[in-house]
Amino acid sequence: MSSIPNINWNDPNNGKSNTSRQSQPQPQLPSNVSPPNSRAVPTSGSIGGPQYGSSQFSNEYSRNPNTIGGPPFPLQSNQRGYMPNTGYPVQQTAQQRSGDKLQQVHSQQQQQQQQQQQPLYQQYPPQSVGYLAGDVYNPQHQEYVQMNQLPNQHYNLQQRQQAQGQQLKSQLNEQNAMMSASTQQYPVQDFTNPYPNAQNPAEQQQQQQPLRTQSQQWDGYQSQPLYSAAGNTIPSSIQQQIPPQNLSPSEQQQVKQQQPSPPEQGTKKKPGRKPKLRKLSESSSETPQVPKTASSSSSSPTAVNSGKPITKRSRMGCLTCRQRKKRCCETRPRCTECTRLRLNCTWPKPGTEHKNKPKDQKDDENTIEHAEFGRIKVLRGIVEYRSK
């Protein structure tokens, strides 16, 4: 039993003989370092106790002990002897305890200095959603929420609402007083005669009466006059819409005569195509009733020759374009289409525009004399067959 060496696993000289450990000088441990054993060891050291080769290893192993169940981080000086399962002795000598107390005081001073350097953050109580949803930059809202959330201040919401209601009422009363003072009616200043005669008080009263009647009040609401006091005239268009009230029968008749009568629907008709059997005399008698816009819109020379109003539906071109069903520009003596195709541009006689022509005459008009082929029929849209 005595031959087994006392092996200390925390010793850096583990596995060596005891003689080599005894021959080495024993450095004196500092007072604030305690050996990693469960029993108290005197500072002077003994042969059987744990001995260290240098103070560097002792400090390192005391700060970070490799004990089972101990913390992996280095322990502070004020935590030694208080952490469980760290291998530090709970019972220490008086010198070690005094050193630990000095270190504790020093660490407390350092913590106080760090707290003074760091800004202080106060933890506020949790706030309701209504405060976050409200207007943060509204000082009245913040004051209202703070006074409701603080538990020490008992604030009555009804009293606050009553005070606000009284303030609003007082403000409304002041505004009404200002409005009544500003809307006070004064006689209209006459710029042509700035110094009116004081001998006609009746005329001044008559001038002030329409101003008073125009502005009426409904439940404290002062209506603005529709028209200026200088004019006092209603437009004629509005006068026609307003029904006459308190008028004598003779005045009502005069008002009705002044109002324009509605247009009669059955008298006027749109000018259209006349029947084919109607004579020129009947059409000439109806020409004064036709509005001027229709005659002015027609720029064709047929209006001068026939004396009939020409509209877009009744406008007719040359007989060649009508037979070919082409649009005619109605230029005389030859239209543009007939000139381009070198066709015979024939115009109907006045008064015979709507009459049907016999088939032989139509064929004669649609045929031309060709130099090589003789008399041929003109086809629509074909330009190859041309006359001289």
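Glycine too: its Cβ is placed from the backbone N, Cα and C atoms.
Copied from Swiss-Prot, the annotated features are:
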type: DNA_BIND; residues: 318-345; note: DNA-binding region
type: COMPBIAS; residues: 1-19; note: compositional bias 'Polar residues'
type: COMPBIAS; residues: 20-38; note: compositional bias 'Low complexity'
type: COMPBIAS; residues: 52-67; note: compositional bias 'Polar residues'
type: COMPBIAS; residues: 88-97; note: compositional bias 'Polar residues'
type: COMPBIAS; residues: 102-120; note: compositional bias 'Low complexity'
type: COMPBIAS; residues: 157-172; note: compositional bias 'Low complexity'
type: COMPBIAS; residues: 173-203; note: compositional bias 'Polar residues'
type: COMPBIAS; residues: 204-217; note: compositional bias 'Low complexity'
type: COMPBIAS; residues: 236-259; note: compositional bias 'Low complexity'
type: COMPBIAS; residues: 268-278; note: compositional bias 'Basic residues'
type: COMPBIAS; residues: 282-294; note: compositional bias 'Polar residues'
type: COMPBIAS; residues: 351-367; note: compositional bias 'Basic and acidic residues'
type: REGION; residues: 1-120; note: region 'Disordered'
type: REGION; residues: 157-219; note: region 'Disordered'
type: REGION; residues: 236-311; note: region 'Disordered'
type: REGION; residues: 348-367; note: region 'Disordered'
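Model confidence over the DNA-binding region (318-345) is summarised by a mean pLDDT of 87. As a summary of secondary structure, the compositional bias 'Low complexity' (157-172) carries 16 helix, 0 strand, 0 coil according to DSSP. Residues of the DNA-binding region (318-345) grouped by DSSP class, helix first, strand second and coil last, total 12 helix, 0 strand, 16 coil.
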